[in-house]
């Protein structure tokens, strides 16, 4: 009897929690704000858990400087975000019917859903948290190029989330976060003194391939898609049109500059091994 009462109480609490999430946290007007706050709190949680986990399981962690430990934790934060947003972006761009030309009569530049908006909000929360850390510890966690990259990303993703415009192109650009886990792993290997290991070389090759596909080829595809649907892009607000064209263009230039550095670094590493 006691167990039955406890089970009924548990189900009652569960139903109330589900109702709270559905009616308040996921109510259409509140989705952008709850998702942003959720993204910021998720970053804080990942940061703290990484610190606790690393102290116990990584001997090299305690030997790092204070700034290196902060960057260690920060990079785990960006890795988790990259895995999350890349998975969501790949689904919406290539698997979902939301942005398919054949499924809806609505212009592709104005299509959005509850979950596409929510995921963008989580990403906005991450960019706010990471940008705050970059400013606070500037330039230890990244120079001006990181500030420019994050500001452009933050403005573009936030606009797309709040207006519902150009979400397809926002997700196409966010697929480029595919490269982030590899970049962070490279830093971890270096910090752990494994720069001469085979894993470091394999990581460099993987970064080269991923960068070429996600940050060069995919951007070409995105610009081609914009060209084919430019009549629909023109229906967007002027600010939205500027973001769809200018932000990916600036990021493409930055990607090309960073790609040249990746090639030089990979050549140097391979030359040393030979």
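If you go along the chain as it appears here, the first residue is 1 and each next one adds 1.
Placement of Cβ uses the backbone N, Cα and C atoms for every residue, glycine included.
Taking TrEMBL as the reference, the stretch among 176-196, 239-259 described by the feature transmembrane segment is residues 239-259.
Remote same-chain residues near the transmembrane segment (77-94) are listed as 39, 42-43, 46-47, 50, 116, 119, 122-123, 126, 129-130, 167-168, 171-172, 174-175, 177-178, 180-181, 184 (criterion: CB distance under 8 Å, separation of at least six residues from the stretch ends).
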